[in-house]
Amino acid sequence: MNINDKIGIYPGTFDPITFGHLDIIKRACKLVDKLIIGVAENVNKHTAFDTKLRTSMAENEIKGLGIDADVISFNGLLVKFAKEQNASVIIRGLRAVSDFDYEFQMSWVNYKLLPEIETIFLPASEDTQFISSGFVKEIARLGEDVSKFVSKGVQNELINLNRIKNGE
């Protein structure tokens with residue numbers, strides 16, 4: 001790691017991590033010298049998986065793909081976390097126009113808080129643009145196959161989650 005290296009943060013709840021997230025991660029790695037995947041301990045959002053498991057799933061996914069990135073959980077303001085990690089850029093994925101409105105507002109707030117940290121938006125690839133963690137959890141809850149959206153390891157975690165919820 002060089003002092004002049006560009007560090008990027010790709011934040012999210014990753015509840016669970018999907019092929020859409022992995023697509024953005026692969027592409028983001030080409031834009032920065034070091035990528036940090038920030039797993040948010042989001043107190044305002046109920047998550048199916050705890051932070052430790054979401055972090056572990058993300059680590060397993062990137063390791064399995066040979067991606068060189070760090071996975072770090074964080075709580076609080078994203079820009080504060082980015083500053084602590086010496087990041088100069090936040091990378092966000094956009095699935096559809098509906099994502100843009102929210103993400104644009106957040107990037108403006110982040111800029112007002114720390115103008116030295118830029119936000120880059122990466123549009124989702126055509127084959128991942130409609131994948132969402134929420135849809136994946138719902139499909140899995142209904143007992144359907146989610147292999148088009150998540151890896152086998154994540155599928156197994158979803159199966160375990162549903163067994164626990166069903167008292168099995």
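Quick reminder: no glycine exception, Cβ is built from N, Cα and C everywhere.
With a 10 A radius on its CB, Leu78 (substrate binding site) counts 22 other CB atoms from all the protein chains. Sequence annotations record features per position, and here Swiss-Prot assigns substrate binding site to Thr13, Lys45, Leu78, Arg92 based on sequence analysis.
Swiss-Prot lists Thr13, Phe14, His21, Gly93, Leu94, Arg95, Glu103, Thr128, Gln129, Phe130, Ile131, Ser132, Ser133, Gly134 with the feature ATP binding site, giving sequence analysis as the kind of evidence. Following the DSSP three-state reduction, the secondary structure of Glu103 (ATP binding site) is helix.
The annotation site 'Transition state stabilizer' is assigned in Swiss-Prot to His21. Contacts of His21 (ATP binding site) defined by a Cβ separation under 8 A and a same-chain sequence distance of 6+ are given as Gly12, Phe14, Ala58, Gly93, in order along the sequence. Under the DSSP three-state reduction, His21 (ATP binding site) is assigned to helix.
Closest in space to Leu78 (substrate binding site), of the binding-site residues given as Leu94, Glu103, Ile131, Ser133, is Glu103, taking the CA atom of each residue.
Listed in sequence order, the residues of the same chain lying 6 or more apart from Thr13 (substrate binding site) and placing their CB within less than 8 Å of its CB are Val39, Ala40, Asn42, Lys45, Thr47, Arg54, Ser133. For the recorded site, Leu78 (substrate binding site), the DSSP three-state label reads helix.
Nearest Cα neighbour of Arg92 (substrate binding site) among the listed binding-site residues (Glu103, Gln129, Ile131): Glu103. Most buried of the binding-site residues Lys45, Arg92, judged by other Cβ atoms within 10 Å, is Arg92.
Counted within 10 Å of its Cβ, the other Cβ atoms near Leu94 (ATP binding site) come to 17, all protein chains included.
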